[in-house]
Every structure is written in structure tokens, then in C-alpha cells.
Amino acid sequence: MSSSKQHLIDLTVDTLERCSSFKHGTSCKTILYRLRKEHGLNIRQWKRIYALVMQTRKYASLLQETLNMLPETLRNSLYSSFRRWFLWLFLYDLLLGKNEIQSVMNQKEVLFSPENIALLRRCLESAQKRIPLTAQPCWQAENIYVYGRVNYVSSSLESVISNLEQSGYRRKRAKRKRGMGSNEFWLDCVVSGLLVFPRHSKIAQHSLVRHQRALVIQDKSSCFVAQGFDAPLGWTIVDACAAPGNKSMHLISRGIEQYGESFYQHPIRVIAIDRDKERFALMHRTIHEHGYDAFIETRNVDFLKWSCDDCQGIILDPSCSGSGLLNRNWTDDLEENLQEKESQRTRLKHLSNFQKKMLRHALCDFANCCRVTYSTCSIYKEENEMVVYEVLNQVQGLGWKLVDFLPQWPRRGWKDPLDSEQAAFCVRTDPKLDHTNGFFVACFERTLHERNIRQSYE
Ligand SMILES: C[S@@+](CC[C@H](N)C(=O)[O-])C[C@H]1O[C@@H](n2cnc3c(N)ncnc32)[C@H](O)[C@@H]1O
């Protein structure tokens, strides 16, 4: 390695270490800006260091996860031979960057033999599946759209569109969504009655949303549950973790859209439960304000301590890590993420145990229930496929099986532990690709009691 290249790498590692040890006050960017003056760097050198520092920080959790997956002996040799931030910088450059550093390493390169590099690549692939959030450089809030669903209790698609057009909005019919003006919108092709607006749209301030409640802001992924649940007329559906009530209201709204006048003769009824006092109060108010009182009954109880015999469906959307939500700044959280990794794992374990308990209760303790959806806004397998797999194995004796949910949506669940067919029945959204929050839904059905409860009003 030329001494100047070696110097730049040392400087990059020093900067990474300084950035990681700052607590409050000096930001990483400030440290980087000072660097140029402090070390008399030319602009090219400074830009290179800047890029390497930012990229290595962005991917550090993923790179650590990659290291965690290596055989212990190799991992320990790497740990004892290199500084932590050097290791991450080197791995970033080797696996995700321009591979400039490897060629100038002259010591200990035996640790980076072609076999070990191939092994690192395989570990990176597995790590990307485990913590895809750090592998998604363009997963930022700017990537998602704003979604507004028509509230069919008080309005209709035609009336909302005409109101929007009168107030200067323009419906875009072409497929190309790039370069959308802030006053443009288009209709979603998966969720009916869902309007899509660009991120910078001011639709949330429009009177259709704020005063008339004809349009409800709700992420597309969260609309999947009611869209795919396809509730038959006359059913009673328990929304087990309902606050602030989005999915309960969407179920009714969707019913009105789907069945028209027949809905009012044999309405779908929702029992919306939440155990949290404050969230419950907010939900109760929201349901009232949006005009759903006649169809949604609210209960401030613990779902685990409650049951009923006259419901046919349950939607279960329990508390989760929220790792699919886009309004979190993962890069800025990085230091805490790394330091708190262990406590995060413990938290995830607790959450998934709680989720399994809730799902078991939904599937085992409601005698006439024959359709249950399980959903989270988490991207972690531990809260999604693994919960479904474990509980499904425990309840199969009761006749439950996974069924194909929202088949028109292309992104499906992950295999292992689910088999290919089961995984393909589940729905996932990818925040990087789908312009929505990260979300997961699985649907369970059984036919045991269907004869007794299915009502054919349609
Ligand atoms: C992800 S949020 C639900 C969001 C809601 N489904 C919606 O779309 O508007 C989870 C909710 O579950 C509630 N919750 C957690 N444990 C519960 C339990 N044992 N019984 C009832 N509600 C519970 C929480 O208070 C929280 O409001």
C-alpha cells in the first residue's frame, strides 16, 4: 500500500471511531467537515473519506451481523487482528464498495483468502435477510407515498375525486409516477378506493381529510387487511388490537363499497378491542368522528382475558417492534442500535412470545371463528413467519390452515420455517420497493364450523 493510501485509510478509521464515540453536541458531519482543515486534505481525498465514513456507518449493523455468522474461530481471529471500525470499513469496501482496500493489504491477508471471502459473501446474503433494513440504502421516508382511502360511510370515490379536481388536484392516469406534481394523484390498483399522492403532497391538510372525513390517511400496507379479509355480509368481526381503529373502520368502509345497499340490510359488525386506556379513548373518539358508531362497538379490555362465541372472524394486529415503519431514522440510530443490540434481541423475543400468545388465543378460544388474519408492521421474521409457523403447528388439530391472502399482491412471505406454499400464502411489503411501510399479513381459515355460521346473503 502506498503510504498516502495507508494514511487515508488510517484517517478514515480514526474518523469512524471519533464519530462513534461522540455523544452529544458534535455530529458526525461536523467531525468530517473539520477533518479537511485539520489534515490538509485535498477535496478528492476528503470526499473519498466522507463517502467511506458515511457508507460504513450506514451498513455497520449489517456488517456486524455478517461477522456474527462466521465460524467462531475465524471471527475471533479477525477480532484479535483488527480494530472494530477497520473491520467494518474493510468489509464494507470488500463486500459492498469498490474493493480498493484489499489490494493494498499486505499483512494478515491470509484471513482474507478466496475461500474466506466467498464465505463472507454467503454470510452477507444471510445477514441481509435477517436485517434487511440496514441493507436498504434508499429506504427513506421520501420513498413512500401518501395514501388516502375513501370513507364510504360518508362519501364515495366519485365524490372525493370530483371534490379534489375542483380544488385543483389532477388525476394521473399514465403509469409513470416519476416527476409527480404535488397536486397530482392516481388510484391504487390493489386496494380499492385508495388514492395515492406523492410524498410532498399537502393532501393531509385538505378539508376532505381534516373536516369532511371523506378521505382517511392510511398507509397502503395497513389497508391490506380489510381489503383481503373479504368479510361476508352479516359477520361479526373482532378487531383484537384495534386502536387507533384504522383497520376496524376500513373493514366497514370496504363492506359498504363492496356490497352497496345490501350492506345496510345485513351489516358487518366489528367489535374493536384495545387494552390501553388512552389509545382506546382516541379510537373511540375517532370512530365517532368518522361516523362508524352504528357498526363498530368498542371495548377497553385485554384481548387475552376476553372471548365471545358469536364472532366469525378476528383481525389480530398486535403490538410489534414497528421495524417496518419508515419514519425512523436508522442511520442516526446506529450507535444506539449497536449498543443496544442485545437488549433489542431480548425485546424481540418478548414481543414474539406475546404475539404467539395472542394468536393462539384468537385461534383456540373463539368457538365459531373461522377466519383470522395476523398482521404486523415489522419486517422481522421472528415476529412474522416464525410466529405463524409455530402457532400453526400447535393449532392444526383445530382445523386451521393458512390460506392464500390477497393473491393479486406480488410480494409474498419468506420460506423457512414456512414451506414454499405456506410462504406464498403470506403477504409482505418491502419498504424499499413498494413505497409503503414494511408490513406482513397471514390469514388462517378453518371449515369445521362453516356449515353453521356462513350466511349467504350475497
Ligand atoms: C399495532 S397497534 C394496532 C393498530 C390498529 N390495528 C390500527 O390499524 O389502527 C397494537 C395495539 O394493540 C394493543 N394491545 C396490545 N396488547 C393488547 C391486549 N392484550 N389486548 C388488547 N389490545 C392490546 C395496543 O394497545 C395497541 O393499541
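Placed from the backbone N, Cα and C atoms, the Cβ positions cover glycine too.
Heads up, TrEMBL stuff is auto-annotated, nobody curated it.
Cβ neighbour count for Cys377 (active site, nucleophile): 22 (other Cβ atoms within 10 Å of its Cβ, all protein chains included). Sequence annotations record features per position, and here TrEMBL assigns active site, nucleophile to Cys377.
Non-local neighbourhood of Asp317 (S-adenosyl-L-methionine binding site): Val225, Asp239, Ala240, Cys241, Ala242, Lys247, Ser375, Thr376, each in the same chain, at least six residues away, with C-beta under 8 Å from its C-beta. What TrEMBL records for Cys241, Ala242, Ala243, Pro244, Gly245, Asn246, Lys247, Asp274, Asp317 is S-adenosyl-L-methionine binding site.
As annotated by TrEMBL, domain 'SAM-dependent MTase RsmB/NOP-type' applies to 136-447. Across the domain 'SAM-dependent MTase RsmB/NOP-type' (136-447), the model assigns an average pLDDT of 90.
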Subject >> Greatest inter-residue Cα distance in Å for the S-adenosyl-L-methionine-binding set Cys241, Ala242, Ala243, Pro244, Gly245, Asn246, Lys247, Asp274, Asp317 >> reply: 13
**OP:** List the other residues in this chain whose Cβ sits within 8 Å of the Cβ centroid of the S-adenosyl-L-methionine site residues Cys241, Ala242, Ala243, Pro244, Gly245, Asn246, Lys247, Asp274, Asp317, in sequence order.
**Re:** Asp239, Ser248, Ala272, Arg279, Met283
Original post:
Could you tell me the C-alpha distance between Ala243 (S-adenosyl-L-methionine binding site) and Cys377 (active site, nucleophile) in angstrom, no decimals?
Top reply: 14
Subject >> Alpha-carbon distance [Gly245 (S-adenosyl-L-methionine binding site); Cys377 (active site, nucleophile)] in Å >> reply: 15
**OP:** Reduce the DSSP letter at Lys247 (S-adenosyl-L-methionine binding site) to three states and note it down.
**Re:** helix
